[in-house]
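Presented below is the structure to which this report refers.
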Amino acid sequence: MNSFSGSLEKAKTLTENNAPMVDPFGRAITYLRVSVTDRCDFRCTYCMSEHMTFLPKKDLLTLEELDRLCSVFITRGVRKLRLTGGEPLVRKNIMSLVRNLGRHVQSGTLDELTLTTNGSQLAKFAAELADCGVRRINVSLDTLDAQKFRQITRWGDIDRVMEGFDAAQAAGIKVKLNAVALKDFNDAEMPELMRFAHGRGMDLTVIETMPMGEIEEDRTDRYLPLSQLRADLERNFTLVDSDYQTGGPARYVTVKETGGRLGFITPMTHNFCESCNRVRLTCTGTLYMCLGQDDAADLRTALRASDSDAYLSAAIDEALLRKPKGHDFIIDRTHNRPAVSRHMSVTGG
């Protein structure tokens, strides 16, 4: 991991105009995903091992430091900010960070503050999230079958997630459902998941499993190309391509029979790198310029080097010079190893 090597005086000069962030390929960086914790109250089999070793709490940035970092990114042109984890809502006092970041939505400097959650804590926090300016959230749900849900999450309770859906929608928050497509697990269930989501006014986005982190099972056995899933769905549904966008990588279709939207995120079969507008920040202050590569920049050192944001802003600029054109994801069937060694819960899903 690289740390910023420039001088403080140089940093002050660089940041006077708060110039928008643009990578070497001309892509404007307007979307920041922030993993506020690597901890989670589920242990989804495709995401992490059951007996995970989590980061020591002393290594985490404080919530105040995360707020400062996010605010610098917003000053530099970020318009959408997503809190992730792990499970973001299990971090102690997380709502203080959400409330502080909400001031940017209120002032108009941030278009959207949102989060991705497993739904387990939504019933507790939905009303407060809405009060802080959160208008949309993504909830991860791979099956509607209670027994299979317990199997895939190991620790999860689907009834709590359903209560979370109710609470979020009652609070006026728009919910999008995310489902990881898993061969021979939930592929036959996708029509039911789609009808469930669309029946409640929610979009559904399906995601190809990504080769990140060591897990107990062989993820190649579960890999399902979404081109195959789409072909299966088109036997019974009319899928009409849509130009609808949310600022993320999903490509959407409208399902004629339900009237709802269905999104596809395809990092393996059809990558979305050419339009990448995002970077990812971890709870330790590490900036990943690409989800599918291990190159990273240490922003914690720059953050703590000075009370001025100049040094930090210059460190961000230096990191963005290394943002690659595309990721290195590949399902390695020969060596049975992940393309990226870190878990998604560390990077932020």
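Cβ atoms are placed via backbone N, Cα and C, with glycine included.
Per Swiss-Prot, the feature GTP binding site maps to Arg33, Arg82, Thr116, Lys176, Arg278, Val279, Arg280; the stated evidence is sequence analysis. If you look up Swiss-Prot, you'll see Cys40, Cys44, Cys47 marked as [4Fe-4S] cluster 1 binding site, on the strength of sequence analysis. Residues or ranges marked as S-adenosyl-L-methionine binding site in Swiss-Prot (evidence: sequence analysis): Tyr46, Gly86, Ser140, Met210. Among the features that Swiss-Prot reports, [4Fe-4S] cluster 2 binding site is placed at Cys273, Cys276, Cys290. Positions annotated as domain 'Radical SAM core' by Swiss-Prot: 24-249.
The structure, with features from Swiss-Prot marked on it.
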residue: Cys44; record: [4Fe-4S] cluster 1 binding site; Cβ contacts under 8 Å, 6 or more apart: Ser140, Asp142, Ile152, Thr153, Arg154
residue: Lys176; record: GTP binding site; Cβ contacts under 8 Å, 6 or more apart: Arg136, Ile137, Asn138, Val139, Met202, Asp203, Leu204, Thr205, Thr246, Gly263
residue: Cys276; record: [4Fe-4S] cluster 2 binding site; Cβ contacts under 8 Å, 6 or more apart: Arg27, Pro249, Cys290, Lys323
residue: Val279; record: GTP binding site; Cβ contacts under 8 Å, 6 or more apart: Ile29, Tyr31, Leu32, Arg33, Leu287, Tyr288, Met289, Ala319, Leu320, Lys323
Inter-residue C-alpha distance, Arg82 (GTP binding site) and Cys40 ([4Fe-4S] cluster 1 binding site) (nearest angstrom): 17
Cα-to-Cα gap, Cys273 ([4Fe-4S] cluster 2 binding site) vs Arg280 (GTP binding site), nearest whole Å: 14
Rounded Cα-Cα span from Tyr46 (S-adenosyl-L-methionine binding site) to Thr116 (GTP binding site), Å: 17
Cα distance (Å, whole number) from Gly86 (S-adenosyl-L-methionine binding site) to Cys40 ([4Fe-4S] cluster 1 binding site): 5
Arg280 (GTP binding site): nearby binding-site residues from Tyr46, Cys47, Gly86, Met210, Cα cut-off 10 Å: none
Cys47 ([4Fe-4S] cluster 1 binding site) versus Met210 (S-adenosyl-L-methionine binding site) - Cα distance in angstrom: 9
For Arg278 (GTP binding site): intrachain residues, at least 6 apart, with Cβ closer than 8 Å: Ile29, Thr30, Tyr31, Leu32, Arg33, Gly248
Inter-residue C-alpha distance, Cys47 ([4Fe-4S] cluster 1 binding site) and Gly86 (S-adenosyl-L-methionine binding site) (nearest angstrom): 10
